[in-house]
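A.B. asks: Structure provided below as structure tokens; questions to follow.
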Amino acid sequence: MDAVGFAKYPFTQEALSYVRDRNYSMEDILQKPAYGQVRLRAKKRVLNSIKGDVQADDLLPDPERELLSYPVARMLVAMTEDQYLMKRFALWESKRAYTLLLDESDTGLMDVGRDFGITARAKDREFIIHFTDYLRYAAGLRNLEWKLINRKVVAGMVYVSRETFTRLLEEAVREKIQAGFGAKVPAEMKPVLEPYLAEIRESLDKLKSEKGLSGDGEVTQDSFPPCMKNLLADLQKGINLPHTARFALTSFLANIGLDKDAIMDLYRMAPDFREDLTHYQVQHITGGSGTEYTCPGCKTMMTYGNCIGKNKLCEYVTHPLSYYRKSQRRRAKEMAAAQAFKGSKDKAVDTVAENVHVETGNSPGN
């Protein structure tokens, strides 16, 4: 792999060795004006991961800038201590890598695979890998096609298409990057990086607000409107939902940020669950066909008998998503008020304690 290859795949062990052999100093990269563009690119990598799109400059790298910006970007993400951003950054980097890997030669793909401990060989437009390597990275891919039983296996070796092998490498990249966020950023480096975090935090907070996510990036079910709570409860009880209810629930969950795999997991509880059909429906509703659908409004929900158990907040909204966002804002205000009350209460207790201490200190015999 050459310098351009290292820039495209900075998460590889080869790229790390290259940086070490060139004697780059992280202190210099973080502080010296000569590396200003590296730091700006690192910030942009993180911002792009929040936006979720791979842009032109992500695919046409300036080798040195691109390579060195990767560890700086990781440090910026780690400093937020935000699990949702860590997952999102790992996913974005893996998607970026996948786009680049699609243009690699067979040899290039096998080189990257080798870095992850995958020994592969190419034959007749297929890649042949050991079944243990296949299972290691296909385990997190829940679509029925990834089951080993649905693959061609000969003498312990799995035969996969070029695209499938590339998809496995994408998953390997995602897992490696996400697992690497356990290490803490050295304390002496934090002040230098802090100025780059303001825009990142602002962008992340905006995304979470738009998608109705809690602080840790999880969907807050407490804020669901009654109709969606009811549909989800039925699904969890093993009750089959009619098509209109499935469409409403799936589009609602996708609109507030739940990923496809998590939605698929919910439907596994249904008695009539079929992996292939459910996967097709979820893919179609969440944008696999080129259009991401918005969940139906309250009038449509009532028309199909899916509006159940209205409450007071329902009187002020005409759409399940409006209910969710209003509920999220209300919960945020309540939490802020509770925190402020706790702070004032603690302050009052401290004041009383201080007065008692003063009085005790002035009393006879002390």
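Including glycine, each Cβ sits where the backbone N, Cα and C put it.
When I checked Swiss-Prot for this same protein, it listed these features:
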BINDING   C227, C298, C307, C314  [4Fe-4S] cluster binding site
A.B. asks: Taking 10 A as the limit, how many CB atoms besides its own sit near the CB of C314 ([4Fe-4S] cluster binding site)?
C.D. replies: 17
A.B. asks: May I have the list of same-chain residues other than C227, C298, C307, C314 whose Cβ is within 8 Å of the Cβ centroid of the recorded [4Fe-4S] cluster site, in sequence order?
C.D. replies: P225, P226, M301, M302, N306, I308, K310, P320, Y323
A.B. asks: DSSP three-state call for C227 ([4Fe-4S] cluster binding site): helix, strand or coil?
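C.D. replies: DSSP call for C227 ([4Fe-4S] cluster binding site): helix.
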A.B. asks: Taking the Cβ of C298 ([4Fe-4S] cluster binding site) as centre, how many other Cβ atoms lie within 10 Å?
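C.D. replies: Neighbour count, Cβ to Cβ under the 10 Å cut-off: 19.
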A.B. asks: Among C227, C307, all listed as binding-site residues, which has the most CB atoms within 10 Å of its CB?
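C.D. replies: Going through C227, C307 one by one, the largest Cβ count within 10 Å is at C227.
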